[in-house]
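Trainee: One structure follows; several queries about it will come next.
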Amino acid sequence: MRQGWLFPALFILLLLTCPFQASAEPGKGAEGTKKEYKVGDPELDVIWVDEQNGKYLPLDRTFQDETGNSVQLKDIIDKPTLLLPVYFHCPNSCTLNLSHLTDAVNRSNFSPGKDFNLIALSFNDGDTPAKAKAAKENYLPLLPKSFPQESWRFLTGSKEDILALTNAIGYRFEQRNDGTFIHPSAVVAVAADGMIIKYVYGNFISGDVDMAISEAQQGIPALSVRRFLDYCFNYAPEKTRAFFTNIKLFVVLGFVCAGGLFFLWLRRKDKKKWEEEEAVHDEHHQTGNKV
């Protein structure tokens with residue numbers, strides 16, 4: 001095999017291993033039994049989000065902002081927008097999500113209100129503009145005084161409008177008996193025309209958020225890293241570890257093969273040099289005999 005084909009061949013082999021990895025059905029454990037999810041479970045970020053990159057938000061849907069005014073999405077999405085689904089009396093992950101997004105905004109290389117807007121959407125149809133206002137007032141002090149308050153809307157709405165929007169972004173949530181919700185942690189970056197561009201999960205690292213804003217400015221849909229992994233492993237943690245184990249295996253194998261090829265090349269080079277020296281020696285010997 002030529003050296004130029006070595007690493008492409010190894011990469012193709014790595015990709016071919018993906019479909020054959022064992023995977024659990026979403027919402028079920030390794031044995032196929034029903035799995036009970038907890039608030040903040042990282043598996044929810046993938047299993048309960050069906051990315052809809054390249055599709056559009058229902059911009060004609062109407063919501064109420066924190067002041068009680070009715071607004072249509074098309075009126076407030078006029079530039080790249082970060083959409084964060086939450087609910088406003090959430091005692092756990094929503095508070096962290098809003099805090100992480102606030103931190104990402106503080107660290108961003110883009111200017112809120114100028115380069116992008118933000119929307120915190122409550123998926124609880126029982127939330128009110130008063131609750132939205134109280135939630136917004138909790139996070140404004142964490143932002144610079146120069147932060148344009150109108151660039152971050154806290155929205156509530158009817159069940160019908162909420163479902164129209166959450167279904168459009170492939171976002172699933174479920175209310176429990178105690179009134180709390182099980183839901184993923186995800187920010188959706190949307191272009192100015194309402195096209196869904198990219199999803200950001202986890203702690204909303206500022207670099208990831210800035211990348212999503214940049215891609216929303218360009219209007220180019222992009223798959224999240226987690227979703228790429230999900231194609232191979234449904235993002236179950238043990239399968240993700242298997243993915244990186246495979247990468248390490250093939251990297252090591254690549255170095256071994258490269259080393260082997262280099263050794264063979266050296267041997268071939270030495271053999272060729274020896275043959276050339278023998279040929280010269282034989283030629284001199286034959287010339288000496290003739291003399």
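Backbone N, Cα and C atoms are what each Cβ position is placed from, and that goes for glycine too.
Here TrEMBL flags 1-24 as signal peptide. Summarising the annotation, TrEMBL assigns domain 'Thioredoxin' to 51-225. Residues or ranges marked as disulfide bond by TrEMBL: Cys90-Cys94. Annotation comment: TrEMBL describes Cys90, Cys94 as Cu cation binding site. Residues annotated as transmembrane segment in TrEMBL: 247-266.
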Trainee: Find, among the disulfide-bonded residues listed as Cys90, Cys94, the one whose Cβ has the highest number of other Cβ atoms within 10 Å in the structure shown.
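Mentor: Answer by Cβ density within 10 Å: Cys94.
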Trainee: Should Cys94 (disulfide bond) be counted as helix, strand, or coil on the basis of DSSP?
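Mentor: Once the DSSP labels are grouped into three classes, Cys94 (disulfide bond) ends up as helix.
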Trainee: Could you tell me the mean pLDDT the prediction assigns to the domain 'Thioredoxin' (51-225)?
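Mentor: Looking only at the domain 'Thioredoxin' (51-225), pLDDT averages out to 94.
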